[in-house]
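Taken from Swiss-Prot, the feature region 'Amidoligase domain' applies to 1-266, supported by sequence analysis. Marked as domain 'Glutamine amidotransferase type-1' by Swiss-Prot on the basis of sequence analysis: 291-542. Per Swiss-Prot, the feature active site, nucleophile maps to C379. Feature annotation from Swiss-Prot assigns active site to H515, E517; the stated evidence is sequence analysis.
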Amino acid sequence: MKTNYIFVTGGVVSSLGKGIAAASLAAILEARGLNVTIMKLDPYINVDPGTMSPIQHGEVFVTEDGAETDLDLGHYERFIRTKMTRRNNFTTGRVYSEVLRKERRGDYLGATVQVIPHITNEIKDRIISGGEGHDVVLVEVGGTVGDIESLPFLEAIRQMAVEVGREHTLYLHLTLVPYLAAAGEVKTKPTQHSVKELLSIGIQPDILICRSDRVIPANERAKIALFCNVPEKAVISLKDVDSIYKIPGLLKSQGLDDYICKRFSLDCPEANLSEWEQVIYEEANPSGEVTIGMVGKYVELPDAYKSVIEALKHGGLKNRLTVNIKLLDSQDVETRGVELLKGLDAILVPGGFGGRGVEGKIMTARYARENNIPYLGICLGMQVALIEFSRHVAGLEKASSTEFEPDCRLPVVGLITEWRDEDGNLEVRSEESDLGGTMRVGGQPCHLTKDSLVRTLYGADTIVERHRHRYEVNNLLLKRIEDAGLRVAGRSVDNKLVEIIEIPDHPWFVACQFHPEFTSTPRDGHPLFTGFVKAAGKYQKGQLK
């Protein structure tokens, strides 16, 4: 079967939810037995989001193959079974970087390098290579139609229809249809102007998904169809819903998947959305609720922890519990004290970089340990738990990390090339090592310790989880910490690196170096988050032992 492409653009305003809409459509097509993937084209100049501020851009989603990508790829993986790779996300910066590299190498044989054809050809090549082997590829173009940054991408997808055939390309445009209370009606003019802008670039949309806070009346949909030159059945009303997992069913109920399959001449069975119906049922029928505190340093933008928040909700689904998440700034804990943590059923400390707010996280880990509150530490959340235990239980009062204190005498956490023992002797490791002084990123296998809590939770001896960090537990100081009662519950398969720690005499205290949130989905959940939320429910009822 030849690959079919659906190009998803947005108009009128930003943040309309193109990623959720594209992922929901992909979920329906996957439920019809099609092999589907999704790509995200980002118009910013950064080569990737890896060094961008989480407060500006939101979280960096890590793929199995180690790509640092846009958070929308997290939505994609939560909605479809296909795993994303580095081919599923690229930026203007990545494209220009590659074109300039080819120019320096002489690949263009002395030609004048221009946006058309060189930049647009590079974009098209990446779209085609990323879609190889799939029946349908959804391509989300970041930004809003009319933005100057998006023009090369829009020109490239316009050319795709010419090169792969109009019968294998489809343009889906997401717009806003606002409701004006003073007039008592929805207004279609912004959508008409957005489509006009798209037409000026040479793209006639085939489908319009119209976002609104209410169902768009049939007469208004007919008006949009007439003025935008789109069949009325291809004007889809997408009203606000209380759960994003209702969107696949909402789109299917309006025949969107049937329209697309007929457009591409695809003969496939009806979509079976029973899994999504089960998710919706679990979400709508909880048996109780818990409050989990998340103590981080980027809490002013919840999207900085998007996958963690979603994973906690998935854990709630699997336990039939509503999870209320209380976001707490670690600097506030540092300055105002652990009083802020009272009344919580569980505590999670997520990942982060740098020293700001770290002492507040260490105080949080201590509070959870001393008060027998369920604790889940992720990445930096594991490192602060280790530092706290080292200082207050193992007697290593000066324990710290070289990330926060480059000259600290007892670095229980450090770059592999910085490990020191108790006598201050530096153990020099090779700078050529894959881990020495570099970011450890992507899926890594981990062997779980026999009789550990995590081995029971996972039900497996070996797991693969995704990492994104530079600092590791210092093995040279580990024995003293283990002798004080800390358990290493998971190690890298070569037995060199600590991946998971537990406190056996605590009811539920687990911390991991990897990021389990990246592999949690609403249909399957994740063993750590499911177990964590279950522990929160038991703690609330006084049943956690």
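From the backbone N, Cα and C atoms, a Cβ is placed for every residue, glycine too.
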Residue pair H515 (active site), the residue listed as 'active site, nucleophile' - Cα distance, angstrom, rounded: 7
Most Cβ neighbours inside 10 Å, all chains, among the active-site residues C379, H515, E517: E517
Cα separation, C379 (active site, nucleophile) to E517 (active site) (Å, whole number): 11
